[in-house]
Amino acid sequence: MKIHDFKIKKQEQKKISMLTCYDYPSACIVAESNIDCVLVGDSVAMAVHGHPTTIMATIEMMELHTQAVARGLGKQFLITDLPFLGHKSSQGHTVENVKRLLQAGAQAVKIEGADKDTCQTISHLVNAGIPVMGHIGLTPQSIHQLGGYKVQGKNSEQAETLLQQAATLEQAGCFAVVIECVPQELAKTITDSLVIPTIGIGAGPGTDGQVLVWHDMLGLQTSFNPKFVKKYFRAKDHFIEALNSYVQQVQQMHFPANEHSF
């Protein structure tokens, strides 16, 4: 998938599938699938490193995981999150951070928020030839300011703000925008108001595409079960079954067998 395909898919009313990915083996699996695009999300800080929020993601962490995913990925378009405060200092510092991610293998970056400074930064990056995906609604890097993981845009004032933010991000040059945890009717209204495609997570079926976290949709963990996640596999259960089978076979001397020995 190439960057121009995002707008083409919206025009042709073909849904976009996006999935997070954080390591080389997972990327090799995704490469053999029909997934359109991959996000090396700052959710790696939680899903892989065990932190309680995405705020702990660093540019070094994002760079390392982007390199790993890029080595294994195939035809999918690769986007990497700019981590917490990665664009809140000088524009020069922001460009340097983005440069590191692109050199690591990313084809675009995703930036959360739509305040004036953020939109100016996005415009600056786009003018420099760097593709940027926006992100509105529940923005995990602002979780403390938002007061927790809550649905956004539930009243008319918040809804109008999100509509304005989406329009501003489009004007700033974003090629797509993620809409996270907003009422489905609002997400559909935002989607219909934009030329660029929207990617939803917890935003209903009316967006131009969907994104889920690898560990969530494969059932690799069971402690975090948001309403918007559908588990397509029970990987944790199968992994535990395999581990226990290995232990049993070692104890009963069924492994290694002759076929596994020299």
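Along the chain as shown, the residues are counted starting at 1.
Keep in mind that glycine also has a Cβ here, set from the backbone N, Cα and C atoms.
Cβ neighbour count for Asp81 (3-methyl-2-oxobutanoate binding site) (all protein chains, 10 Å cutoff from its Cβ): 30. Taken from Swiss-Prot, the feature 3-methyl-2-oxobutanoate binding site covers Asp42, Ser43, Asp81, Lys110, and the record attributes it to sequence analysis.
As annotated by Swiss-Prot, Mg(2+) binding site applies to Asp42, Asp81, Glu112, with the evidence given as sequence analysis.
Under the three-state DSSP scheme, Glu180 (active site, proton acceptor) falls in the strand class. Summarising the environment of Glu180 (active site, proton acceptor), the number of other Cβ atoms within 10 Å of its Cβ, over all protein chains shown, is 22. Under the heading active site, proton acceptor, Swiss-Prot lists Glu180, citing sequence analysis as support.
Excluding the listed site residues Asp42, Asp81, Glu112, the same chain places Gly41, Ser43, Thr54, Ala57, Leu82, Pro83, Phe84, Lys110, Ile111, His135, Pro140, Gln141 with Cβ atoms within 8 Å of the centre of the Mg(2+) site Cβ atoms. If you measure from the Cα atom of Asp81 (3-methyl-2-oxobutanoate binding site) to that of Glu112 (Mg(2+) binding site), you get 8 Å. Of all the binding-site residues listed here (Asp42, Glu112), the one with the fewest other CB atoms within 10 A of its own CB is Glu112. For the pair formed by Lys110 (3-methyl-2-oxobutanoate binding site) and Glu180 (active site, proton acceptor), distance between Cα atoms is given as 13 Å, rounded to the nearest Å. Classification of Asp81 (3-methyl-2-oxobutanoate binding site) by DSSP places it within a strand. Recorded residues Asp42 (3-methyl-2-oxobutanoate binding site) and Glu180 (active site, proton acceptor) have their alpha carbons 14 Å apart, per Cα-Cα distance.
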